[in-house]
Amino acid sequence: MTQPVLSLNHLNAGYGQTEILHDLSLHVMPNEIVAIIGPNGAGKSTAMKSVLGLLNIREGSVELNGENITDTPAQKVIERGISYVPQTNNVFVNLSVQENLEMGAWTRPNGIEDRLQEMYELFPDLAEKRTQAAGSLSGGQRQMVAMAKALMVDAKILLLDEPTAGLSPKYRGEIFSTIQKIKGTGVPILIVEQNAKQALGVSDRGYVLVDGANRHEGTGQGLANDPEIARMFLGGGH
Amino acid sequence: MEAYLGYFLYLLSLLTVGGIYAIFALGLNVQWGFAGLFNAGIVGFVAVGAYVYALLTTAESTFHIGGFGLPLPVGMAIAMAMAALIAGLIGLVCIRLRSDYLAIATIGIAEIIKLIFKNETDITNGPRGINKIPRAWEHFSEERFYSSAPMSWIATPEQWVAFFDSLPNWYWQPLFAGTILLVVFIIYKMLERARTSPWGRMMTAIRENEPASRAAGKDVTKRRIEAFVIGAAIMGLGGALFAQHLRLIEPTNTFDPSKVTFLVWVMLIAGGSGNNRGAILGAFLIWTIWSASELLIAGMIDVISAVFSTLDPSILATRAGFLRMMLIGILMQVILQRYPGGILPEVRPASPKAEKTVAGATGETK
Amino acid sequence: MWDAFGFEFVNFYLIPGLVLGCIYALGAIGITLTFGILRFANFAHGEVMMSGAYIAWTIMALVGAAGIALHPLVALPFAAIFVIGLFLLCDRWFYKPFRKADTIKIVIASFGVMLIIRSAVQALWGPNQITFVPGIARPNAWLQSVTGDAGMMILMPNKHLWIFAGTILLVVALSYLLNRTRTGKAMRAVSDSPDLAHVTGINVETVIKATWIVGGICATAAGVFLVMDTQTLETTMGFRMLLPMFAAAILGGIGKPYGAVFGGLVIGLAEELSAYPWIGDTPLLSPGYKTGVAFAIMVVMLIVRPQGLFKGRSF
């Protein structure tokens, strides 16, 4: 059996005194897209932030390729190859597109030029806007910049926090197809999403979080077709 | 006996000035401790109080406008009102600024106030300042008071002169110190009542969680302006007493921001911001340290200049004064880092409803 | 035209205004960078600047005692090293403990640092004015004759030429740093969003150190230029400069170094030009109120447009 790239084992964690995650376990295997879905306030984003050492982990562990990285500070986690795209404020608005990508490569300053070329190939829209301030781009393009910025390092795994929140349907589709393209480059992805149906559509596996604990898990298709889940979260389906 | 009298008078002066600083600190506590408003221009309100009082109560003078020779309590009341009025105007425009912006703005406004006092020579006598400011109790022995009503109804000027000659020349000191302590006590009682009132609890709620208070329909801006104005009025009153204590005020050295604004901040932080008793304790404590360090350093200078006869003791003395300021600054940093709550940390006024249930659930939020 | 109006206006109001503006600009760069990157108004900035000038004077006095007359600009880099050290020590001792605490704590701490530094300087050097480079500064003869021949005589002492040149050099160097180097771009990134910088893996502590270094160099230059201009050292000059520098930083927009430069020039010019007899023969504003101009501009800006002219950060 192969080892998971990232695994969260029986986590109890939260901010300060407040506990948000209760005995949460999940893992991401190599070359896999895994989605975390669930209602608002279920702790989806919190689960992601626990990986980055941004909150208080009381019990349980986080492992990257079998190594324990629980409570490692964000900067070290990122140096180890976990790339994270926050939901909002995920680009430096006053920096140009290219400067944003350069900042993404902070922990890996060598060979930036080659990596920039790769990114402009993966995100052709960005190539022509490389000197523009990221703040002047549309929401969808900013999301592209944020993802490209996160991929500037040799990412062992990419964490995306609600990449399609607030985007028009056209851009949503584009983001999801880009996510599949990124998977094609061999980077596994953990994605937190509100748009559960579309997210499960591109995912290999999914977890359903309710009240800080995983309630269901299964393959992307399996969850998407599960009538109970459809009733609970997918609703009319955005 | 003479020596004991010296100690007694020194103690009285500690209580007098400590009490005036306690008034400033209580005023700041309303603004910062209650409402979280970073007023870095304390000296501006103090100066307004002092100047208004001085102009209103001094005898007519050719150097400045007035003086109007008004009774002392009237001067003090108007000094308070003017400081409050100016704070109200500032509050209307500045209150919504974030903490450090408010600090910069208030420093700027305080400097403008001082600049006006310095430049409007016709009104304030400019840099030369105002002197012969009447000091409570001592003023009774001035001719213009005993030779006019109501003192002249009681006795003739000659009788008054004879009466005051029979008193020791420091007769007013305990009375003045006592008056200031009484003022401190009254302000303290009033603020304690305000703090535990619904108004005070609302202030705490606003300071802790502004968005929630706003969402709950509370007029946050209005409450803040109220706190700013009340605090400034108290500082204005303190300023009037400060002017009485000094008897001579001028715009630059009297109202040195480091000796007023900064020292008051150190006092409040040391005592415990949000706690009225802490503010008073901090004021007396820091003033005593400040004052005692002067004696200590003066003693050290005597020793040093005796050993090294080439050094000029007067230069050493001025330099040493700055070392004291430096030590106070370091003391504040230590308190800020090690005892962030101060000596008497804030005690939350419990709401009447929560009072019964809160006992077992301390530390538990949400 | 020139004789009636221009000569007086340019030589006695415009040039002094620009010189003062350059000094404010350099000070404001440090304030705006610190404000943008560390998120607090550093009240100690003016005092650090003042101490830099005292150090430069001391270096000159020590070297002068050995019989060598040192130009202030030669002493400047050495003083800058000291100032950078002072900034880094202050950060370590007084600001770093509050990195994750409420902003207000660190502002109060900087308030305390302001007093500590000023008192230390007063205790070491005494409270009295010290003459920095004695003598009367004569106008540059070459410039005077060239412009005089052209019918527009400009009287500018060498010290002013040095101040202009030094300011331009520093601003160009700063612009290279911020736009062309990795550290400079990271400084802009942290100023933009410290949280994102943190999860991008940028070493924020390194960026903070760089900020103090850049701020320290500019502050020393501002301090030395100021005393080159006024030719006197005073312990109160730090506090006197603080509010105009804040005003410049706020006018230009917090976190915007070019905005700070522009703001500095505007404030410097406004202070000098406010005393020009625009209407009638008397100064528009009594010279006693000159320092009030900066405060007034600042307070108005804070109320009307807190993000500044160049859309800086507003909190």
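In case you wondered, yes, glycine gets a Cβ from its N, Cα and C as well.
The feature transmembrane segment is assigned by TrEMBL to C:12-38 (among others). Within the chain, the transmembrane segment (C:12-38) has long-range Cβ neighbours (under 8 A, six or more residues past its boundaries) at 45-46, 49, 95, 106, 154, 156, 160, 163-164, 166-167, 170-171, 174, 187, 190-191, 194, 207-208, 211-212, 214-216, 218-219, 221-222, 225-226, 229, 241, 244-246, 248-249, 252-257, 259-273, 275-276, 312-313.
Annotation comment: TrEMBL describes C:50-70 (among others) as transmembrane segment. Tertiary proximity for the transmembrane segment (C:50-70) is limited to same-chain residues at least six positions away from its ends with a CB under 8 Å from its CB atoms, namely 76, 78-80, 82-83, 86, 117-118, 120-121, 124-125, 130, 132-133, 216, 219-220, 223-224, 226-227, 233, 235, 237-238, 241.
Residues of the same chain lying 6 or more positions beyond the ends of the transmembrane segment (C:76-94) and with a Cβ under 8 Å from any Cβ of it are 44, 48-49, 51-53, 55-56, 59, 109-110, 112-113, 117, 208-209, 212-213, 215-217, 219-221, 223-224. Per TrEMBL, the feature transmembrane segment maps to C:76-94 (among others).
Sequence annotations record features per position, and here TrEMBL assigns transmembrane segment to C:106-125 (among others).
TrEMBL lists C:161-178 (among others) with the feature transmembrane segment.
For C:242-267 (among others), the entry in TrEMBL reads transmembrane segment. Within the chain, the transmembrane segment (C:242-267) has long-range Cβ neighbours (under 8 A, six or more residues past its boundaries) at 18, 21-29, 31-33, 35-37, 41, 43, 45-47, 114, 171, 174-175, 178, 191-192, 222, 291, 293-295, 297-298, 301-302, 306-315.
Residues annotated as transmembrane segment in TrEMBL: C:287-304 (among others). Counting residues 6+ beyond its ends, the transmembrane segment (C:287-304) has Cβ neighbours under 8 Å at 240, 243-244, 246-248, 250-251, 266-267, 270-272, 274-275 in the same chain.
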